[in-house]
Amino acid sequence: MGGNYSAMDPMDVSVPDLAKLFERDGYLKPYEREIRRRYGCFKDLWERIETWDGGLDAFTTGYRYFGPQFNSDGSVTWREWAPGAHTLHLQGEFNGWNSKSHPFKKLEYGKWELHIPAVAGGYALKHGSRVQLIVNEHLYRVSPWASYVKPFEGFTYQQFIYKPEQPYQFKHPKVDRPKSLRIYESHVGIATPEGRVGTYTEFKDNVLPRIKKQGYNAIQLMAIMEHAYYASFGYQVTSFFAASSRYGTPCELKQLIDRAHEMGLYVLLDVVHSHASKNTLDGLNEFDGTNACYFHDGPRGTHTLWDSRLFNYSETEVLRFLLSNLRWYQEEYQFDGFRFDGVTSMLYHSRGIGQGFSGHYDEYYGLNVDTEALVYLMLANELVHKLDHRAITIAEDVSGMPASGRPVREGGTGFDYRLGMAIPDMWIKLLKEERDEDWKMGYIVHTLTNRRWMEGTVAYAESHDQALVGDKTIAFWLMDAAMYSHMSTLSEPSAVVERGLALHCIIRLITHALGGEAYLNFIGNEFGHPEWLDFPRAGNNSSYHYARRQWNLVDDELLKYKFLNEFDRDMNMLEEKHGWLRSDPGFVSCKHEGDKVIAFERAGLLFVFNFHPSQSFTDYRVGVNVSGKYQAVLCSDSKKYGGFGRIEPEGEFHLTQNIPWGNRNDSIQVYIPCRTAIVYARSD
């Protein structure tokens, strides 16, 4: 979450007030009136949809009406929404590519319909056959509702009928919603060590076991919605209902998800409803021959930085399309929840471009807010949770919109979590611009704790954004060239690598323990994956060299990557045991600028961090609220993690001394070496 507002902002909307807002009469503050107005817009639209033919259920299952519908008598009914089109035809292998033989009939409200009779042996449209829409007799298009598309004769994607005789049947139910959400952000294509595109099956067989062993309980799959340009990282979607064919078939994706559920892993989809690719031949852009259709016309319909199209959320058929898209992935593919990309761009007419968010309420309740997009997000969240009470939704929003993490019934946007986007920005800024001895403990603590009360935050030290070419991972910022020469356990000691291993562990642990109510890691970063991430493109001679994950490095017992991997696993396992993510935020009792020490309690554990590059402390007094006997249960300096072994877990005990300290009822004295993090648990 971006913005520099205080977590204790006295103007902030308190949950009890928000919940009772709709029952109050008389004077309302401006932001309260705006919350009520927005909720009114949502409620009116939701109720209006319910009155339409078939109600909400029919409205959100547009994939059962549009596109090819295979009838029980062997015929096929194909419908499209193309309000600006003059004519619409279908050609394909089924009719010998005759561009005139199968015209659509124009219906009301911009809809078109085609009926294809049954043929000997069943459906005229066979599984695996190629088809193509023709708009206005000269524009070749892919159906927006296409469920399977592949490149054909070059880079352009075309639609193929996907109706196997024996479609994959799920064997395992969706898993329960994790109480402590630990997310492994994943990209199927880069998940192999070879320089090529990985597959759903390889990810299922080779990567899921790693994720489970590592202590994560959720995966977030990126770049699943089909995107013609691989280097867009999946964020320039061309076919919204088609799972990317570059990794395999829809059935193989279903097998991956089913296997994840069998292993107890919750599966999130990275969904892109904030914008769409500008492609016309294989995308939504200009589908009906006009500049509008699914998007706003004019400047409002184009994102100037992303060079992509922006949806018109006030259009009924756009709402049907997007809401049906969410339901499609929930029901067809059994995804458990969603991470919504680009929410800031949706929320504001400025798209967030060049805009800083200070936290002043005028930024969130003024005319810059795009009410239509906000109401769509409220509809989406309400629908997703209505269909599945276990569903989790996460907002990628840098602005810190108040109440976005509260239920719609309270006037919120309905997300369960927002990404704590200021946290990775802080770590990269410190690593790039400041010496270790100049790091400010107060700044670190403020950034990690600066979130709205009772609105869940996903904390992360780095995600895919920090791994991309042009930036560096935390491991690369810390160790850079030394990663090529001194990561062997047989090489001579390196101060650079020693610092890198220590800070890599410390940064992750304090982010995990203090930064939010959920945690996220990007695939491979847990073991300090070297180098950056760069997809094949013209600028790198279409190379796959950096579009892969080098699992061989962490599997090699002679390399130090194993140390970071082991710490990451033990950190997750400790959270699983004690559950700090599902506990109240930590109480910070110490943030000493001179000593570079931070201490806090959360979930009954005591966390002590010494960021000082050279100063260790003996008998360092730290406050605790509960008296008793404390013992170290995790220490980043353990030899198990490549440290010096100055403190090993399960070592000596520390008894509280009946001395209040740091606004806590009691205290203990501990030895805290430089560049070390220690977690203590009560052992009595």
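Placement of Cβ uses the backbone N, Cα and C atoms for every residue, glycine included.
For reference, TrEMBL has these:
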type	residues	note
DOMAIN	198-552	domain 'Glycosyl hydrolase family 13 catalytic'
ACT_SITE	ASP341	active site, nucleophile
ACT_SITE	GLU396	active site, proton donor
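Calculated from their C-alpha atoms, the gap between GLU396 (active site, proton donor) and ASP341 (active site, nucleophile) amounts to 5 Å.
Take the CB of GLU396 (active site, proton donor) and look out to 10 A: across all protein chains shown you find 21 other CB atoms. Around the residue listed as 'active site, nucleophile', the same-chain residues six or more apart in sequence whose CB sits under 8 Å from its CB are TYR235, ASP270, VAL271, VAL272, HIS273, SER274, GLU396, listed in sequence order. Averaged over the domain 'Glycosyl hydrolase family 13 catalytic' (198-552), the predicted model reaches a pLDDT of 96.
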